[in-house]
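As structure tokens, the structure follows; a few thoughts come after it.
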Amino acid sequence: MRILYLLLSVLFVVLQGVAGQPFIPRPIDTCRLRNGICFPGICRRPYYWIGTCNNGIGSCCARGWRS
């Protein structure tokens, strides 16, 4: 009977992959939500700094000038 539970769990994992859903959900990318791009280091022209990236190393930069 234990083998049935193992087969059922493997079946669910396979079906979840087929459905296109990630097995481990990714964290929300806040930089992309703010229409930004992650750059290593600092932002250069024509981009300006709007925050930090999820990895903590890069800068979240947006194109254009602040108004």
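Each position is counted from 1, following the chain as shown.
Every residue gets a Cβ built from N, Cα and C, even glycine.
The cysteine that Swiss-Prot pairs with Cys43 in a disulfide, picked from Cys60, Cys61, is Cys61.
Neighbours of Cys31 (disulfide bond) among the disulfide-bonded residues Cys38, Cys43, Cys53, Cys61, defined as a Cα within 10 Å of its Cα, are Cys38, Cys53, Cys61. Other Cβ atoms within 10 Å of the Cβ of Cys43 (disulfide bond), summed over all protein chains shown, number 18.
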